[in-house]
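Comments concern the structure below.
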């Protein structure tokens, strides 16, 4: 029978089948393999024993090296001769049974039974890893093990021997008979007796320090005992005095920390022995402790003792006893049942160390030592199990739970924590900011991920947490309550100021820029955006489509809907870009309008409702109002889409009580509808709605007196009435904008050409309906409780009347006599009785108490204010005595002053009656406190908003004062105070008030009427003051009085100069002008620019001079002489006026900064400082800076505003002086002023080290030095480098008295003080330099210089030399000279 060869693709099963067939056939193999045996020579295979005929592999004969990883040749099995193969046995099993190859052996490893083997725990050590064995640690003198064994095997064998010995020793412990080599534990009394007295019995049984732990030999114990016995024998042979002496010597030589360690170690052993003795009963024998065990216990630390006692600890006290019959309790694993035990006792903190904050399920911060019951659910955490509450890390971990209820619970707790943190409940109990910590940990994106959850409960919790994070409590209430104030609809965007971005082009209008992201923002990931701006980071995560999906698809409950609308309102308040993205999100606004602003709905009763869908919602109307406030284009798009007109008419046409809604919701919805229309009307839009709803508005106005008569007034009703009056105000202004003046060559020309759809005849009948309301309101002024409950209604009435008379006066086709008579009637019926009331004086008096300027702490940042998440920080509402409080006089007084300004502009004959407002004592006290130098409030979002409204009142007062001073100068009072307020206000106005700044520059600031000192002897008083302080008269033309008179005559030129250099950008000015003048067709947005900083810098009086300096630096060829001289003269004249008559206006500019600005005059041009007017003005200003009361505050070492480095400026000043001064004395005085001793030595080193040539031209006489000479000579100079430069300049002749008398005197004084000083604490280097300098001085060839340096006495600027000299050397100096070397004195002996 022929068998085929194996073919490719056949498996191992096929091969085994072929083998079985071959064996069954009994055919002879084609090849016979003959193996030769090395042990039996060349014997024949048939003659070999049976056991040698197999390929047997023995483990003992295995090679040391593993087999080569190459395929071995295939084996061919053949049956042994004489042994037939059984046919009933499986060949595969037979081969496997007889196969003894190494692979077969290793595949049949059976694990050894270790159940009865004693397990020895490793000895703990103080290092992180066990020590590494090194070959050098091999024992010396050990017997070599038989055979070849590795070092590792030898080490393992040695460890096993040691472990066996320890086990044997432990087995001897329970025995009552002491084994051989055991020692009994001694009593503490004998040990103390032997250790405390040197002369006592030194009966030491074992060593407390030497343990033999490092020895590896078996004789380690013997070595330790030998050393111990030698020490004991030596101690017994010594005298007690010698023992004490040696002990003191050792204590003096050893490290104190080592001595403390040894004593504590010995004390621990004594305590252990005492405890062991006390535990023994008196009648029982002592328990033997082996030496091996005592050594181990003495060398281990406290944790090791706990580990040794751990196996003897009692069993776990479980609440229930597990039984084997229970499921999966056949094997009880006690370590896994630890959690069922009672909580460990609460550890009381004894130190002031910081601990991890833990919060309750309501977000409350729990004290570290509070002990709460476990049924509250506050102990389900692993770390610090005994403490109640959850940490932020554990809550974050819980938000990733697979159980939806746990995720919702964690988000709810985090929301509560944020809410309490924003309210300031945590105070100083936490280190750092909770919000900052959460945002840095990624809480923002955790919320965004939670919004994508499938469970409605988790989505609701995430939306609530998002609202809590973004919408600060109280912000919306504040902005809503002040909407009807004077320009109350104008708000700053709630976005962080981008300090790192380049400034925008000044001519570009920030509110009309396209809402498009920059390429940098598009490429930045959301986490980076959120780090600088949380809102931008959220918008980059597609938040808006997700919120739209939640509203449109999931249809959540009322609370979730309100939360989403609140979040959208906050996003819309961020910026124009964010509002545009909210508007352009697909189907978002459409869904909100259709679902939450329907025109038809089923009546809704009072109480909670199950759904807000198809029910009008006031929050949805407010969202549209905030969107419309962002820009004109958004308002137009809203007005032309979503069937907006019909919906607005639907909610305005019916009274709130007829809307089939809950009363509060109906009032709020009606209020928001009026506000939305007012916002649209502020752009000149929505005029056609006025014609349709005219009867409705008339009916609403007629009901106002009735609603005002209800007591107490309802806050929601008052807000609705104020919103209605604000709407009528905007509609009236739209009637006055029917024929605007076009601006040629501007983009607004085509816009302004669009006529308004409202005419004067349509609004002329509103006044008779509003005046009865005002008359009724003014009756409540003496009743503060009712007056505060009226809210913004009185202000809204006054603002409407102002807009009404403004629009009436602009009608060209009407007779002016009509409105003039009506204005007089209004004055007689309403305003004059109001001015005569004492309650109005109370409002003026309360200005100081509610002013943010007078109370800077009221504008402090919120507890959790973050730069990346802007909020007003009005948590808990505003206090009554604040700018937005219920008792604030600002809204009413601002509206009253606005009405007075409009009436006075229309009817100038009312000046005499209205001027009485300016004489109110409360107003004067308020202004005095405003101009008092005090730290300005920190510029925060809330302070910017509050100061914006306070500046309105100040500007209106100044505007009224300017009109009175122009029309009736004899009635003008306190004009100097008003001028000071105008100067301070000009440097404080914020972005958005460009028109106010321009008007101040045109009216109050540079008006001669506001400088009464010019006409009341101010110049003469200035000359008299200078004569008393300086003691000389000088040239009459250059006196300060004459300069002030000339400056007052040049006020128009000064004003033109500052208008050219300090006016705001044209685009910003036109935008602000349209808002404040009521030109509605030019208003582009109700969002103000971001308040990064005030419009003008604090040093604005020097601003034109700084512009000149920068232009000169950028123009190497130089500036035109006429332009340069004129600008510099005007700036210096105005600075002199302020320095003389308005010093409080320059309090914000440090004297050092003013000095730097004066130095810029000399750096602008090489010829500018030679002009006679420049010389006189700079000299006068320099004299003002060098007054005794100002000079101490001159600090050149601190950072100066607008200046990078004063030493750099001074170095440039020295270079310029050396190049172009030609010894000018005024130039030299400015060079000398920073060289005073109290200023930095860097300035003096710059002159004497790098600009020595300046000394040749610095010829200012001592009598013209603006400061006392002692400012340069006292105290003594301590800079060795500068002293050496002084001495070198004197010796080399670079510094001579007729070249530079001031610095010559200074150098002589300091060198003399140095060479004769005898400070014993001086370093050796200083002593050597002093000795060398004195020796060189003694050997000087210049007799005059030698005489000055040795005989200097005191500085005296009246003497020609500038100092006094001793007639002969004092005795101390002579004795000091005798310390010089003998040859030095002999060489100079002829000179004495």
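Here the Cβ of each residue, glycine as well, is placed from N, Cα and C on the backbone.
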If TrEMBL is the reference, give me the range from 62-97, 98-133 marked as region 'Disordered'. 62-97
Tell me which of 230-269, 270-309 corresponds to the region 'Disordered' entry in TrEMBL. 270-309
Among 395-428, 429-462, 463-496, 497-530, where does TrEMBL put the label region 'Disordered'? 497-530
As TrEMBL has it, region 'Disordered' corresponds, among 4-44, 168-208, to residues 168-208
Please work out the helix, strand and coil residue numbers for the domain 'RPAP1 C-terminal' (356-421) from the DSSP assignment. 28 helix, 5 strand, 33 coil
Summarise the model's confidence over the domain 'RPAP1 N-terminal' (225-265) as a mean pLDDT value. 79
How does the domain 'RPAP1 N-terminal' (225-265) divide up by DSSP, counting helix, then strand, then coil residues? 37 helix, 0 strand, 4 coil
